[in-house]
Amino acid sequence: MLGVIADDFTGASDIASFLVENGLSTVQMNGVPTQSLNSKVDAIVISLKSRSNPVNEAIEQSLRAYQWLKENGCTQFYFKYCSTFDSTAKGNIGPVTDALLDELNEDFTVITPALPVNGRTIFNGYLFVGDVLLSESGMKNHPITPMVDANLMRLMDAQAKGKTGLVAYADVIKGASRVQECFAELKAQGYRYAVVDAVDNSQLEVLAEAVADFKLVTGGSGLGAYMAARLSGGKKGTNAFTPTKGKTVVLSGSCSVMTNKQVEKYREKAPHFQLDVEQAIHNENYIEQLYQWVIANLDSEFAPMVYATVPPDALKAIQHQFGVDQASHAIENTFAKLAAKLKQYGVTNFITAGGETSSIVVQELGFTGFHIGKQIAPGVPWLKAVEEDIFLALKSGNFGKEDFFEYAQGMFL
């Protein structure tokens with residue numbers, strides 16, 4: 001059984017959707033469960049909020065997740081992080097990878113965030129978003145993890161205790177045996193991690209074969225999909241659900257390039273309310289005002305949207321005025337409390353944009369786990385809470401096409 005430790009919520013639902021699509025029955029747990037799993041599945045995904053919190057917390061959470069997965073029958077483990085890496089020199093990917101390797105008594109693993117279907121590719125160890133380097137993409141303006149270097153070896157070496165080598169494209173296309181030879185060569189030279197080039201899915205397929213016997217694999221959801229395909233014998237997932245029509249709200253906290261486009265497009269069709277950060281910080285009645293506005297607009301043709309999404313210049317101004325931490329906390333807290341009030345009112349469908357926003361909303365709603373439904377876009381499935389008929393679409397910042405919010409609602413039964 002495959003056990004996945006994901007460093008944020010949207011990342012967890014991202015990989016869970018690819019596992020289901022490729023034939024593995026999968027359950028997604030919100031945080032480390034306190035009880036044993038009582039259903040039979042092929043894979044378990046645990047979502048943590050460990051991407052940008054203090055490193056000791058990230059390690060502690062990840063090791064607890066690993067322990068629970070092991071106790072519940074998992075024999076191979078996958079540390080899932082974002083396809084844009086989202087980890088600076090002070091980041092947690094290196095330290096968590098090291099802690100998991102030590103716990104498993106292993107001394108080598110791969111670093112493969114590639115997700116070609118969404119334009120995330122690796123060549124010569126450099127991570128690309130579409131046709132530009134990660135460091136020249138919108139990710140350089142990320143409010144919490146600005147990505148100013150695209151070289152994955154340097155990024156990993158800056159935050160991990162070992163050395164990072166490269167398995168280059170020219171070797172990967174020779175097949176799994178050659179990739180395994182490269183691993184052996186790197187290990188002999190004292191390397192602890194290998195960045196593996198992948199410019200399209202065929203390289204991920206090769207890599208899935210090459211790491212079939214690894215106890216720990218790390219990467220984005222792309223490699224996970226091909227590992228699932230191997231484990232399931234090429235089965236395809238069936239019977240994925242879509243939500244029932246009901247009261248719906250859109251909550252957008254991401255400031256990514258794509259989410260800005262999605263918000264702009266959706267504003268043309270739906271009632272929308274831009275969250276005011278100063279009000280969120282200082283006005284204790286602000287959540288009530290937002291709540292009243294949303295419920296007044298719930299009968300619109302398209303769901304009302306509350307958004308904190310702004311372009312890079314406006315984001316910098318907000319961060320300069322209020323501080324990064326205070327602004328982020330105020331926005332997340334506002335969305336979380338608003339979501340809780342709306343659920344109480346009878347909203348059953350939540351569409352959220354942004355990893356931090358999604359994580360905090362799910363925590364506030366208090367669900368322990370999710371069934372994985374139909375994909376809205378690659379890496380973004382509909383989820384259904386295990387406790388009740390509440391449906392969520394949790395979108396990582398740059399995922400989805402420009403009509404994402406409208407398209408998601410078009411899937412209602």
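First residue shown is number 1, and so on along the chain.
Glycine is treated like the rest: Cβ placed from N, Cα and C.
The Cβ neighbour count for S254 (ATP binding site), using a 10 Å radius over every protein chain in view, is 28. The annotation ATP binding site is assigned in Swiss-Prot to S254, G354, G355, E356, T357, G397 on the grounds of similarity to another entry.
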| said: Is it possible to get the count of other C-beta atoms within 10 angstroms of the C-beta of G355 (ATP binding site)? | reply: 28
| Which whole number of Å gives the largest C-alpha distance between any two of S254, G354, G355, E356, T357, G397, the residues noted as binding ATP? | 10
| Looking only at Cβ atoms, how many others are within 10 Å of the one on G354 (ATP binding site)? | 30
